[in-house]
Amino acid sequence: MAGPLSAWPWENLGIYKYLLYGPLLGKVLYTRTQEGSFKDDWCLHILIICIARALLHQLWNSFVNMLFLTRTRRINRLGYDFKQIDKEWDWDNFILLQALIASISCYIYPPFIDNVPLWNTKGFVAILTLHVGISEPLYYWVHRYFHKGYLFTQYHSTHHSSPVLHPYTGADATFLEHLALSTVIGIPIIGSHMMGYGSRSMIYGYPLVFDFLRCLGHSNVEVVPHQLFETLPFLRYLLYTPTYHSLHHTDMGTNFCLFMPFFDTIWKTINNKSWELHKKLSSDAGKDRRTIPDFVFLAHVVDLTSAMHAPFVIRSFASLPYQTRLFLLVCWPSVLIVMLMMWVWSKTFLVSFYNLRGRLHETWSVPRFGFQYFLPFAKEGINKHIEQAILRADRLGVKIISLAALNKNEALNGGGTLFVNKHPNLRVRVVHGNTLTAAVILNEIPEDVKEVFLTGATSKLGRAIALYLSQRRVRVLMLTSSTERFEKIQKEAPLEYQSYFVQVTKYQAARSCKTWIVGKWITPREQSWAPTGTHFHQFVVPPIFSFRRDCTYGDLAAMRLPDDVQGLGNCEYTMDRGVVHACHAGGVVHLLEGWTHHEVGALDVARIDVVWNAALKHGLKPVSNSSEQKSSRMPCYEETKDSERNT
């Protein structure tokens, strides 16, 4: 059983816990309407401090997850996985707790914040003295006791269960621990006020400095230069570092202090590696000492709102499949400014990473938004970014670089052919991943389907899907106005299968077909021609609107990564947790199989089943139920041809 006071009182309220701030907000609004002023309203001060503290933690989260800035400074090289993110989801409970404690204090003793000056030098000295003389040693001994027996197993072990430190880890603890921490924070503030030296600067400043230093210690990013301690050696006893506190989480019998290693020194619990390791990590900061990735997925930003679906914006939001939220629309103007800045100055940057079977997989992003790929004057610049990313991967020793979505657009670079032809001596293999995308779509189509309607039929994927389905004797209605392109694809099929190709030029021709494969974006009006009960398979980005309630819509082609993936903590666009786009998965399969050929340009239809079976062999799983059911029984392309030869 959990120990007493280990659970938070509002644990089951979910997002409704924020209603507990309601009385404070109500008091502020009441004061404003009745007195026409916010002057000396302690409720307002408490709310402002709470917002400032939450913003401080958010800024630290953004900094820590900006891997393009912090990659070479990370102490623990592992990533934050979904389990840790969920465990630390309610990291802000302590802010609510201390807001309630402050509210009770101000209600009992109203003059607490009234008639105090903005600044008081004696107050600064008093609060510093109380912190060093009482809060630091008190925290040290309470912390040590929480590492013993019952207190550790029932309480403090929760905090130490996070495998990789993060600013939110410092706030992730039980209710009892935060009651003790609230006492540690409260003593200097209340004490200086009772001494007659209180000031608003200290009421605001002390909690924010306290939180800043807590976030610093749990940041997993070494930002304190070792030269500071070499110039002023005594400072190493007055200020801890991220490295110092990370040693406490790896060697839990050492480094118990709050912020000042002086107390570990006098009570002989300092880790002997503290200064040496800090100097090593600080010296290496800025150097390219990272582990070279084996695989890179080269993505791009989809649109202005989904740009905020990144770990360095809001970690919890990025750990869930992307959905348009109201707060995203509020942030739209600031994202627009960032987009314009990226257009002018930015270059391809690291977004996220995970590990799979001892190999590092990274996601890089081209600093361009989806709509920019359709601007004629932007084509050359985008290709330059992609080319530079490929050459950079080649220099680093990356084995596979997989192109996402519009980065492999046929009109842009021929599905990656442009780069392979321009640089024939590339060691990195360039992969568009469309072979597995085609396999996923084809394995979603029920075996008893005899007719499909295909849009985007002349694209790489559309062509491969049409050719494959014709081998299964499925009639393919290809929507295209170009008879020349239609006949070109038709003639690629063996003569006995060419009759299964039918050219159509209008959506009306498909009004009796219940299987639509959408490779080109279609409007709700065009969807209206589909009969009731139609299922829309799709490989178009962004996905089409789910307009018809009497029809069903498939997701974008995707696969679930193997169960042994490590450090994966963000969702890929609208994909579920652990699920990636099929083109991403195609690059992963290319790496796991050790294939040494480029996969660019037109799809090799004969390899669709080869890639599909390889994906299943390595533990990648289809997402749709139909694919899961068919993965073990669907006849492959070669089996169909052999069977018909025998006949």
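Positions of Cβ are set from backbone N, Cα and C atoms, glycine also.
Taken verbatim from TrEMBL:
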- 46-70: transmembrane segment (TRANSMEM)
- 91-112: transmembrane segment (TRANSMEM)
- 124-142: transmembrane segment (TRANSMEM)
- 130-269: domain 'Fatty acid hydroxylase' (DOMAIN)
- 326-345: transmembrane segment (TRANSMEM)
- 452-622: domain 'Very-long-chain aldehyde decarbonylase CER1-like C-terminal' (DOMAIN)
- 622-647: region 'Disordered' (REGION)
- 636-647: compositional bias 'Basic and acidic residues' (COMPBIAS)
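Residues 301, 304-305, 307-308, 367-369, 372 of the same chain lie 6 or more positions beyond the ends of the transmembrane segment (326-345) yet place their CB under 8 Å from a CB of it. Segment contact is absent for the transmembrane segment (91-112) and the transmembrane segment (124-142), given fewer than three CB pairs below 8 angstroms at sequence separation of 6 or more. Residues 21, 24-25, 28, 91-92, 95-96, 99, 102-103, 106, 166-168, 171, 203-204, 207-208, 211-212, 215-216, 219-221, 310-315, 349-353 of the same chain lie 6+ residues outside the transmembrane segment (46-70) yet bring a C-beta within less than 8 angstroms of a C-beta in it. Here the domain 'Fatty acid hydroxylase' (130-269) is broken down by DSSP into helix, strand and coil counts: 94 helix, 1 strand, 45 coil.
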